[in-house]
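Asks: Below is the structure I would like to discuss, written out as structure tokens.
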Amino acid sequence: MSEAVDDESVRKFVAAYLKKKGFKQAENAFQEELNKNTNSSSSPISFNSQLDPDVAKHILSFSQYEEGPAQYQDGYAKLRSWTYTSLDLYRHELLRVLYPVFIHCFMDLVAKGHIQDARTFFNSFREDHEMMHLRDLQKLEGVLSPSHLEEMEFAHSLRQSKVNIKICQYSYELLLQFLHKSQSTTVLGIINEHINFQVSPGQPSSISEDAEAVTLTGSSLDSANQINQKEIHWGLLEDSFEERLEKAGALDSEKAEGESKEGDGDENKKKSSEGAKQGSSNKKLKKDKASGATAKTARPEATPVTAVPRVKPELTLPVIPTEVEQSIFEDLRTRVQLSSAALPSVSFYTFINTHNGLNCSSISHDGSMVAGGFSDSSLKVWDMAKIGQQGLDSLQGENGTTTSSEQVLSNGGKKPYTLFQGHSGPVYSATFNPLGDFILSSSADSTVRLWSTKLNANLVCYKGHNYPVWDVQFSPVGHYFASASHDRTARIWSMDRIQPLRIMAGHLSDVDCVQWHANCNYVATGSSDKTVRLWDVQTGECVRIFIGHRSMVLSLAMSPDGRYMASGDEDGTIMMWDLSTGRCVTPLTGHTSCVWTLDFSGEGSLLASGSADCTVKLWDVTASTKLPRTEENKSGNTSRLRSLRTLPTKSTPVYSLRFSRRNLLFASGVLSKTV
């Protein structure tokens with residue numbers, strides 16, 4: 001009886017399918033054949049007697065798939081249940097399949113017009129993915145009709161994309177067995193169309209590699225791989241300060257050894273003058289002296305930067321005055337050598353009474369000045385030397401709100417900061433040039449402004465972006481700067497021209513942050529599309545695409561030798577990239593909220609990260625980049641090996657970090673009572 005029912009079902013479905021697809025000739029031929037078989041025999045010939053049983057089953061299951069949206073709900077629910085009950089050893093790899101199947105089930109339902117079923121499906125299973133993909137889910141919530149799938153660029157790119165999933169051979173075979181047994185053609189179709197499995201022999205990868213095991217790439221995957229084949233020259237500039245200092249050190253090593261005592265005295269004098277600039281107390285001076293002593297003892301262990309290749313500048317570099325060069329050389333000579341055994345202390349500048357108005361902060365290269373960008377379109381710069389003389393412990397966001405600021409006003413009649421006004425929208429970023437005599441600010445008014453800290457005046461307004469400018473950064477040599485905007489572009493500028501020199505377009509969403517390479521030949525950009533791109537300044541071409549983040553990229557830092565780049569995202573993950581290969585060396589996990597700022601120490605052995613979770617973390621770059629993969633897998637949690645120290649603040653999200661040329665670490669943030 002069941003065979004006859006199946007036979008009738010198959011016959012009806014084939015006829016209905018041919019009619020639906022408009023195959024009229026095939027439909028007529030099929031009907032004629034059925035009529036002949038019916039007339040020529042008292043009993044009709046069974047389809048199932050001529051078909052393989054499995055084929056008949058697949059035809060029937062496909063007919064159900066064609067009928068309605070219930071198959072999406074059932075297919076995903078079965079896959080989810082099977083995945084969560086699979087063996088612990090393979091579960092974390094199999095779980096990687098759920099998210100792409102989930103979003104494509106939802107979008108397929110919307111595309112077919114089953115809007116209410118799509119909402120029900122979405123709300124039923126969204127909790128499974130909120131921890132890792134909350135931002136994506138919030139975007140997809142806005143998809144309410146088939147037209148939205150085309151209009152919303154995020155949804156459109158997902159529909160055109162494939163997900164690369166790393167999985168071991170046995171996990172892959174388990175998944176295939178399940179799909180075969182469950183006969184869920186809905187899920188099978190989505191997996192075939194939208195998932196590209198990268199199957200590896202041996203044991204499953206460790207859970208710590210999950211961050212880089214799933215990467216979402218569109219039809220641009222091949223082009224991204226092609227771009228990453230381009231040659232880049234990540235070395236330092238010829239005749240750089242470090243190279244000249246190294247040569248001088250090799251020639252004068254004996255002389256320097258003989259004059260070490262005198263050098264100590266000079267160094268302490270220099271330290272004390274820097275300490276006065278920073279508004280530090282005697283305690284701070286003592287710390288500086290101690291760090292100077294540490295420099296002397298740690299120096300023999302420091303590894304010289306001899307293996308770093310040298311490159312020629314693609315930009316015309318500005319001329320640096322002789323006295324400035326001498327000052328930089330002095331700073332480099334007396335730089336504290338940091339390592340996992342010699343960690344820096346942090347001088348933290350806290351903004352108070354900002355009334356939620358502070359959007360960004362920036363610290364000058366020597367820590368002597370701190371800038372804050374505010375929602376009322378103002379930029380304020382504090383001179384740490386003046387703060388120290390007046391005895392203020394914190395940076396006042398507004399005047400007259402505490403007794404200390406009132407005291408300043410009554411004593412000298414002067415504000416504790418310099419106010420720069422000119423923007424017509426909130427200020428989102430600020431950056432000092434290496435010498436500290438200029439500062440750039442970017443704003444929601446789509447402009448970048450150049451200010452003089454000596455003249456206390458606005459010099460130039462740079463117009464080019466069409467939407468808010470989220471970030472602006474001076475190059476390591478000054479004069480040139482880069483900006484990043486909501487208009488999905490980054491731009492290269494020079495101080496003496498009001499039009500951009502290069503426009504770098506390619507990101508699919510906002511460009512949130514920008515960072516220069518140490519040799520000034522490249523600029524990196526981080527975006528809300530979860531990728532980081534590296535651009536050639538001379539040509540404006542993208543030469544690397546770094547794929548692996550699961551949320552928007554908020555911060556970038558380049559290693560001093562130019563070989564590595566660190567990027568921090570909204571989820572609190574930091575990724576270390578090798579620029580030459582374009583691959584992630586290692587993910588560093590530990591922060592529980594947005595990573596807003598990153599900076600490498602002067603010799604490149606440490607990475608400092610500042611987060612909205614109110615902590616500064618110090619990471620061992622040497623261990624991060626040199627630890628073999630085999631050891632990583634044995635250790636289980638790889639990032640724990642590389643996290644050297646966590647420095648919590650009382651209640652202050654960390655907005656910016658800066659290692660000075662002498663390797664002193666400065667940080668700033670705003671006191672938040674709601675954290």
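The first residue you see is number 1, and the count goes up from there.
Each residue, glycine too, has its Cβ placed from N, Cα and C.
These came from TrEMBL, pasted as-is:
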DOMAIN    67-195  domain 'TFIID subunit TAF5 NTD2'
COMPBIAS  248-274  compositional bias 'Basic and acidic residues'
REGION    248-309  region 'Disordered'
REPEAT    420-452  repeat 'WD'
REPEAT    462-503  repeat 'WD'
REPEAT    504-545  repeat 'WD'
REPEAT    546-587  repeat 'WD'
REPEAT    588-629  repeat 'WD'
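Are these features on the surface or tucked inside, and what touches them?
Replies: Per DSSP, the secondary structure of the domain 'TFIID subunit TAF5 NTD2' (67-195) breaks down as 102 helix, 8 strand, 19 coil.
Beyond the ends of the repeat 'WD' (420-452), by six or more residues, the same chain brings 324, 359-366, 368-369, 371-381, 458-463, 465-474, 476-479, 481, 483, 485, 493, 495 to within a C-beta distance below 8 angstroms of the stretch.
Residues 315, 317-318, 320, 425, 428-435, 438, 440-450, 509-516, 518, 520, 523, 525, 527, 535, 537, 540 of the same chain lie 6+ residues outside the repeat 'WD' (462-503) yet bring a C-beta within less than 8 angstroms of a C-beta in it.
Taken together, the residues in the repeat 'WD' (504-545) have a mean pLDDT of 92 on the 0 to 100 scale.
Under DSSP, residues within the repeat 'WD' (588-629) fall into helix, strand and coil as 7 helix, 19 strand, 16 coil.
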Asks: Give residue numbers and ranges for long-range contacts of the repeat 'WD' (504-545): same chain, 6 or more residues beyond its ends, CB-CB under 8 A.
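Replies: Contacts of the repeat 'WD' (504-545) (Cβ under 8 Å, skipping residues fewer than 6 from its ends): 153-154, 157, 216, 224, 227-228, 230, 232-237, 311, 313-315, 317, 470-477, 480, 482-486, 488-492, 551-562, 565, 567, 569, 577, 579, 582.
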Asks: Kindly report the helix/strand/coil residue split of the repeat 'WD' (546-587) according to DSSP, in that order.
Replies: 0 helix, 24 strand, 18 coil
Asks: Where DSSP helix means H, G or I and strand means E or B, what are the helix, strand and coil counts for the repeat 'WD' (504-545)?
Replies: 0 helix, 24 strand, 18 coil
